[in-house]
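In what follows, a structure is listed as structure tokens, so that the remarks can point back to it.
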Ligand code: SF4
């Protein structure tokens, strides 16, 4: 795919949604960090249901740490993998209190050192809370980048690096939100909605003709 096409794709995605953001509810970097840890292999809707009850009661490292693992589980038991997530969140709160003055650190290294925080979670926090040009590649972005030809790659790291290199700079800050939302609602895994896709004429997916109806 050439640069002109990529630019046109992101121009259209931006025109359709000028201020995209995550669908996770949060009102601070700390809340975002906790919501993203909880969202692994879970839906944003499911996480929001839990955090809508948790955050009014506890939305600081001290307050969540004070709940303890069992107390926290009561709030997040509807989310998949809640046992290990509860342990990770409590350990993360402890590290934030002891090593980071109860603040979310603005560095990849420090974020990835937190229990339950991998490269993708660190990228979401760096991008969405701190405005870094980071690209959090999830299953939706991986699929859309490969199908369309925007940034094909064999694994998430390859796609992440290609997106950072190939997405025109003016779109980089918000590109991951546009790609996730496009993958979630239009370019879906099993049955992409090519017939109502605003970038269909630019997309290089070979089988798109099968999904134009
Ligand atoms: S045309 Fe189809 S495959 Fe291409 S981006 Fe749109 S929905 Fe996805």
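Just so you know, glycine gets a Cβ as well, placed from its N, Cα and C.
What you see is a predicted model, and the numbers here were worked out from it, not measured in a lab.
The [4Fe-4S] cluster binding site annotation in TrEMBL covers 187, 194, 197, 203. Non-local neighbourhood of residue 203 ([4Fe-4S] cluster binding site): 9, 147, 148, 149, 194, 197, each in the same chain, at least six residues away, with C-beta under 8 Å from its C-beta.
Here the domain 'HhH-GPD' (38-185) is broken down by DSSP into helix, strand and coil counts: 103 helix, 0 strand, 45 coil. Summarising the annotation, TrEMBL assigns domain 'HhH-GPD' to 38-185.
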Q: Excluding 187, 194, 197, 203, please set out which residues of the same chain place their CB within 8 Å of the center of the CB atoms of the [4Fe-4S] cluster site, keeping sequence order.
A: 147, 148, 186, 192, 193, 199, 200, 205, 208, 211
Q | Which same-chain residues, if any, lie at least 6 apart from residue 187 ([4Fe-4S] cluster binding site) yet have Cβ under 8 Å of it | A | 140, 143, 144, 147, 148, 193, 197
